[in-house]
Every structure is written in structure tokens, then in C-alpha cells.
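Colleague: Let me begin by handing over the structure; questions about it come next.
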Amino acid sequence: MASSIRKNRLLFIGIGLFAALLIFLVIPSQKASSLVAEAGFQRVEAGFGIPSEPESGAKYVSGSPESISYHSAPSVETSLPSSKDSCSNKKEYVVMIDAGSTGSRIHVYTFDTCFSPPKLLDEQFKMLKPGLSSFDKDTIGAAKSLDPLLQVALDTIPKNKQGCSPVAVKATAGLRLLGEEKSSAILREVSRHLEKDFPFPVVTGDGVSIMDGSDEGVYAWITTNYLLGNIGSKEITPTVAVFDLGGGSTQIVFEPVEGEKMLEGAHKYEIDFGGRHFVLYQYSHLGYGLMQGRRRLNSLVVNLTLEKGGSTHLVPLTEAQKKDFKSLNADVTLKHPCVPPGVKAENVKVEMDDGSVYLVNFISPAKDESDPLAASASTQCRFLAESVLNKDADCESKSCSFNGIYQPSLRHKFPVDSDMFIFSYFYDRLEPIGMPASFSLQEMTDITQLVCSGSSLWNQFFLQKQSIQELEQEPLWCLDLSFMTVLLHTGYDIPLNRELRTAKTIAGNELGWCLGASLPLLDKNSGWSCRVSKDY
């Protein structure tokens with residue numbers, strides 16, 4: 001029957017790719033992998049957590065990638081530990097704020113410290129836009145932008161516990177890209193605001209700071225493997241590789257096969273968990289997050305137009321126009337190979353490497369999906385994405401990813417039976433268009449080509465109207481998917497037949513670096529002390 005469906009689709013559009021993709025979208029993967037939702041933590045010399053021994057019987061449930069949970073039912077709640085003594089009410093709280101490039105997010109974690117090691121009981125999460133980097137000339141506004149998030153902490157943590165619940169603010173690529181002077185001014189005001197106007201003890205030292213990219217990736221690796229129960233148990237279990245895609249940077253962290261001798265350098269990260277020693281490869285590629293990827297591709301199109309003299313009306317915005325660009329309408333429309341036929345991206349702000357800014361509209365080079373230019377445009381989009389990775393840069397070692405950066409080969413130096421988790425913007429672009437929790441990179445490439453082929457085809461292949469609405473509201477979705485697939489395949493050299501997993505949460509707990517960075521703060525010697533209670 002599947003064969004018949006495939007043949008009919010081939011006759012209908014003449015492209016076998018789409019038929020296979022339709023089957024892929026209708027029939028989600030049923031592969032399973034074990035996980036543990038609850039994990040404890042103990043402080044170690046490296047400053048990271050050790051999960052407690054995994055519980056038996058926890059299984060991966062395929063389907064929606066939003067969360068991995070114990071049950072096939074929609075619930076993703078973690079089963080809480082039970083204890084009959086009075087200590088079961090002894091809870092500790094940690095507040096972590098992720099100041100990302102496109103928005104800020106708060107995570108309020110609740111731990112039961114009666115257990116040894118403590119167990120994660122709950123996580124409250126909220127995000128808002130824009131990020132702190134949008135307030136480069138308004139430090140007070142930047143600090144106050146966090147108030148709605150901190151209200152979540154005030155509402156979650158009992159008042160008598162707030163003075164002993166540490167808070168940390170970790171900024172990532174967005175603030176790094178602002179430069180030292182502006183980013184430091186913002187963080188100083190954030191720290192002052194927290195100290196003066198909120199009851200939570202602020203972690204000293206690097207408590208309010210720009211997080212090093214290497215820490216960001218490793219903390220995400222800890223979070224993921226902690227929640228899956230891969231680290232800290234008595235049994236030696238394989239660990240997963242993580243690929244985190246933010247707005248300004250992207251991180252890769254994995255444990256190469258045993259016996260692999262990595263080159264020495266900052267990419268080599270050694271930690272100890274539960275009697276096991278891990279040697280990790282990690283790297284944070286600053287400037288290659290999704291929003292920076294967009295900027296790079298869009299600026300290439302503008303540059304090519306300027307070099308060819310293709311538009312005499314293409315002029316940069318003045319300083320006054322830059323401040324008020326949202327009230328402007330673009331006068332120039334350019335052809336962009338990463339915009340599908342039937343789609344128009346209007347009033348796109350394009351920031352160039354020299355600091356100049358243009359406001360343009362983008363349309364496809366093809367009139368519709370039947371136009372021969374449609375296929376070549378998709379190829380050109382992929383070529384543009386590959387060109388910004390600088391894959392041809394000199395590699396001083398035997399194995400590199402992109403930009404000449406050393407990386408052990410994922411084809412040969414990462415176990416074939418170990419999982420690869422992609423999250424953050426990877427999830428945000430794949431889940432709304434119906435991708436399951438598990439898929440191959442080839443399937444991701446196929447759906448990218450479908451999205452880029454034109455809006456008139458979306459109704460035929462996307463079964464959910466919501467998916468089409470998402471694509472219509474974001475005209476650069478094709479660009480985003482193209483950049484992501486090229487990053488994974490060409491950049492990181494992941495084989496097309498390799499299976500990937502994506503999720504937003506595991507057992508209701510958010511993926512990313514925040515949990516991994518919060519675990520050490522349970523230690524009272526981690527740079528904070530309880531504050532004297534007063535009215536705030």
C-alpha cells in the first residue's frame with residue numbers, strides 16, 4: 001500500500017522525494033531509547049552534578065518531540081520521589097536566567113535535598129523577548145526587562161525560602177557580540193537591580209556574567225545526559241552528543257570513542273561524574289547561531305546585488321532610520337534563492353559586516369514551483385549556506401568541522417549506536433512542521449526541500465493546517481532549514497543516514513545548559529550566602 005501511495009505521488013508531481021516525505025510525515029518513528037526522568041546531584045571537584053542511579057522501566061516514547069516522558073499519554077510530568085518522614089518537605093530552590101541573543105528565559109528549579117544526592121522535583125519556565133542585547137543604549141531598561149521573569153521566582157519560591165535561593169544570570173552570544181563596554185554596563189546594572197530590588201542572593205564572581213561558550217555547551221551536555229540517566233549510575237552507559245543552536249552561536253559536545261586521542265587545546269574538556277571520568281570534545285561556534293546565519297546569508301544576497309549594480313535604489317539606512325526602521329517600508333525588492341516561490345519576505349533588516357544596514361524585500365527567483373528556476377534556487381540556497389561556513393579554510397589537523405576548527409570525526413569517532421540530540425532553534429523550526437521525535441538527517445533534508453519548493457505544494461503535503469500557517473507567517477523558514485541542514489551535514493559532517501533526536505523537554509524539564517549550570521549552586525560554598533530577610 002505504501003508503494004502504491006508512493007507511485008501515485010510520483011505520477012502527480014513527478015518528484016519521488018515528496019512521496020517518500022509524505023510517508024515519513026504520516027508514520028512517526030517507533031524506535032525506543034531508555035531514559036531516566038529523575039536524577040540527583042552531588043558536588044564534585046569539577047563543579048558538576050552526579051545523577052542518582054536510574055530507575056528501571058523508564059522508556060522513550062516516540063511521537064511528538066516536545067517532551068520525552070514515561071507514558072504514551074500527553075502528560076510529561078516527572079514522577080516525584082516519595083518519603084514518609086518529615087524531611088520530605090525539605091526543598092531547595094535555584095533561580096537561573098538565560099540571557100540569550102533573542103530573548104531572556106527564567107528557570108526556577110525545585111530540589112528535594114532529603115535525598116542523597118538531591119532530586120530534581122520541578123521546573124518553572126518562562127521566556128520573553130527581546131533579549132538584553134536589544135538594550136545596548138538603555139542599561140536600566142535592560143535590567144527591568146527581567147522583572148516579569150523574576151516575578152515567576154517570587155510566585156514559585158515560598159517567601160521564607162527566597163533569601164536562601166540563589167540567582168544567577170548567564171548571558172550568551174547576543175551580549176558577547178555587543179562588545180566588552182556595552183555588555184559590561186548592562187550586566188552591572190542587572191546585578192545592581194537584583195541586589196537592590198529582589199530577595200534572592202546573587203551568586204558572586206561570575207554569577208551575573210557572559211558565559212564562556214565552552215561552558216554553555218558542556219552544561220547542555222550535562223543537562224541532557226543527567227535527565228536521560230546516562231551519567232552517575234553504577235552501570236557504564238553510552239552518552240549522547242548534543243547540538244545546541246542559539247541565535248548567536250551553536251555548540252557541539254560529545255564523548256569520542258574510547259581510545260581516541262584528541263589534540264590538546266580548549267576544545268578538550270575533562271570532568272568526573274560518579275566515579276567515571278569523561279573526556280569530551282566541545283566547541284562553541286560564535287556567529288553561527290540561527291539569527292547570525294540569517295544575517296550572513298541575507299548580507300551575501302545584498303552584497304551580490306551591490307557588486308553587480310543590480311539596484312540603484314539600494315542604499316543603506318541613515319543613523320536616524322536605523323533607530324526607527326520598524327516604521328519604514330522597504331523600497332527595494334531583491335531575488336533571494338532561499339525564499340520559496342509564492343512567498344515574500346517584507347521589510348527585512350539586513351546588517352552588513354561593515355556596520356551598514358539595509359531594509360529590503362526578498363522574493364524567489366522563480367515565478368512558481370513549475371519554473372525551472374525553482375530547482376536551481378534551492379541548490380543556490382544550499383550553496384550560499386555552505387559558503388558562509390568557510391568549509392574550505394585550512395585545516396591544521398587531520399579532521400576539522402568548518403572555519404578550520406579541529407573536530408574528531410563524527411562518522412568514525414562517535415559510537416554509531418549512541419544518540420545525537422539537537423535542540424533549541426533546531427526544535428523550534430522542526431516541531432511546528434510535523435517532524436517526529438526521531439528522524440534521519442536525510443529526512444530533515446527532504447522536508448527542507450519541500451518547504452523551499454513553494455507555497456502551492458504545502459497544502460498537498462502538510463497534513464496540519466497549523467504547519468502551513470507557521471510557514472506563511474515566517475517567510476524565511478526555508479532559509480533557516482537550509483542553514484540548519486548544511487550546518488549539521490556539511491559543517492559537522494553528520495552522515496545523511498544518521499538518526500537524530502529532537503525535544504524541547506525531557507520528562508517536563510527544559511533541555512539546554514541551564515539545569516547543568518544550576519546543579520553546582522546547591523552547594524552553599526558555590527559563591528553565595530543567605531540574605532537577611534527584608535521587605536522588597
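FYI, residue positions are counted from 1 along the chain as it appears here.
Any Cβ shown, glycine's included, is placed from N, Cα and C.
What TrEMBL shows for this protein is this:
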ACT_SITE  GLU216  active site, proton acceptor
BINDING   GLY247, GLY248, SER249, THR250, GLN251  ATP binding site
Colleague: What other residues of this chain sit with their CB within 8 A of the center of the CB atoms of GLY247, GLY248, SER249, THR250, GLN251, the recorded ATP site?
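Modeller: Same chain, not in GLY247, GLY248, SER249, THR250, GLN251, Cβ within 8 Å: SER101, THR172, ALA173, GLY213, ASP244, LEU245, GLY246, SER284, HIS285, LEU286, TYR288, GLY289, LEU290, GLN292.
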Colleague: Quick check: in three-state DSSP terms, what is GLY248 (ATP binding site)?
Modeller: coil
Colleague: Translate the DSSP assignment of GLU216 (active site, proton acceptor) into the three-state scheme.
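Modeller: DSSP assigns GLU216 (active site, proton acceptor) to helix.
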Colleague: Let me spell it out: for each of the binding-site residues (GLY247, GLY248), count the other Cβ atoms within 10 Å of that residue's Cβ, using every protein chain shown. Which one has the most?
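Modeller: Ranked by Cβ atoms within 10 Å, first place goes to GLY248.
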Colleague: Are there any residues at least 6 positions away along the chain from GLU216 (active site, proton acceptor) with a Cβ closer than 8 Å to its Cβ? List them or say none.
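Modeller: Spatial neighbours, sequence-distant, of GLU216 (active site, proton acceptor): LYS170, THR172, ASP244, SER249, GLN251, SER284, TRP513.
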Colleague: Neighbour count first, Cβ atoms within 10 Å, every protein chain included; then name which of SER249, THR250 tops the list of binding-site residues.
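Modeller: Result of the Cβ crowding comparison: THR250.
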